[in-house]
Amino acid sequence: MISTCHSWHMFQIRNREMDVFYRGISVLGTCFFLLLAWKMLNWAWIKPKKLEKRLRQLGLKGNSYRLLIGDLGETSQMDKEAKSKPINFTNHIIPRIMPFLHKIIQSHGKNPFIWQGPNPAVIITDPELIKEVLTKNYTYQKPPSDDLGKLISQGVAAYDKDKWAKHRRLLNPAFHIEKLKHMLPAFHLSCSEMLKKWEKLASASAEGSFELDVWPYLQDMTSDVISRTAFGSNLEEGKNIFKLQKEILEHILQILQSFYFPGMLYLPTKRIRRMKKISKEVHSSVLNIIMKRVEAMKAGEPSNDDLLGILLDSNFKEIENDNGNNSNKNCGMSFEEVIEECKLFYFAGQETTAVLLVWTLLLLSKHPEWQMRARDEVLQIFGNSEPDFDALNHLKVITMVINEVLRLYPPGFMMSRVIHEDTKLGSLSLPGGISIFLPTIMLHHDEELWGDDAKEFKPERFSEGISKATKGQFIYFPFSGGPRICIGNNFAMLEAKMALALILQRFTFEISPSYTHAPHTLVTLQPQYGAQLILYKR
């Protein structure tokens, strides 16, 4: 009897313990759910509304926050509508390439705020404030890369603070002007091979003239330049890497033009599986090239004058100078980091120069008087000889033309930064957690800054240099500005000058009747339907 009572008592104790346990689990589950719900509510509504209130108190104007989507719905609709309608061949392109931003500035003034989903972004168009943002790069940082961006490349363009400083320091030798001189033959060879294809088309034409969409040819030429200058003797492997990188970018653009949300890359769709497979192939191919180069350098072979060789040499010297001090984690790059920099060479180097060249050819076609002046300068300096480095840097008319094209059609039409803490910008006390947008093209086209002819193609405005054209104001920054100015800007300018000199030596060109003027924004500012020209062999 006593035993039975004891057993029953123990059963009741265990039952109560289990009851307490399950109640505890239930309470913890409820607390977790409430915490998660609170975080979601704060992210989706409370925090955006608080930030909106702060921004309005600063005198900034913008649309009221819409739950989750913000201004994205209207932006997407206006972009879609704008892209469906080509425009006359004028340089008044802002309403087409960024219609929502154009509308919001007209409605709310030059410094409004917009909503990227639940995240507000303040538009800054004051030159002095933009200068401050680009100069103080430790305060105003690059936005973190999302999953799609990481598939293309990371590299110095994506890093901040000490990591950015280290990579920039190690990359600088590769883009020193003395190193660029050694890359000039690669520029010449790649462009000459493109022009041989054009000459073949001219020979096949009974009239001696032919129509050609020059845009894909320029893309192929600039990718060939990057392959040669980045990997040198590994040219074919480099070209294959570029093809894979280009395919990834095409997939990403298709995703962005349909519907993208964070975490999408975890879905097992056919496209995403293909993207991940390509990314692994690119990683493996670049690593293979790097390891072969490292082994060759260890065996005493020269590092070569290509970008990879110079980067590896710079990296090894930094590690050696550290004298094996393993405590210095900021010394040198890992192989993974070198891979990302090589991927960035492709992505940034090819796009920038290709779009600069295509808009230059189109504008010189529209303005034959400037095409003639540019050609006369090239023939006077080079004749039909191969352009050399020193003379390329003395092409005044060509430089004026390029600067004006970069003003009207900057490859990077918009820049963004984020602030993580409350920050004073001019008279604005901006709250931490917001983005800052710097619309490069809007300053480049601003009639209050450049005059009534701001949207006209007038290279003569740069006849006495950039400083004189801008009257010392910070209103021209096609390659960004401050410490983070594009590290490859001299590379791009030299390549563009070489290509233009060779094209002008061999061809005259005019706009084809089939050309449709439709600038649009992907990663850079591109011609949506190509760039059809009529070319004449000289």
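The count begins at 1 with the first shown residue.
For all residues, glycine too, the Cβ spot is worked out from N, Cα and C.
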Stretch carrying transmembrane segment according to Swiss-Prot (options 344-364, 386-406): 344-364
Asn137 (N-linked glycosylation site) to Cys486 (heme binding site) - Cα separation in whole Å: 13
Distance [Cα-Cα, Å, rounded] between Cys486 (heme binding site) and Asn88 (N-linked glycosylation site): 32
Site of maximum Cβ density within 10 Å, from glycosylation sites Asn88, Asn137: Asn137
Neighbour tally for Cys486 (heme binding site), based on other Cβ positions within 10 Å of its Cβ: 19
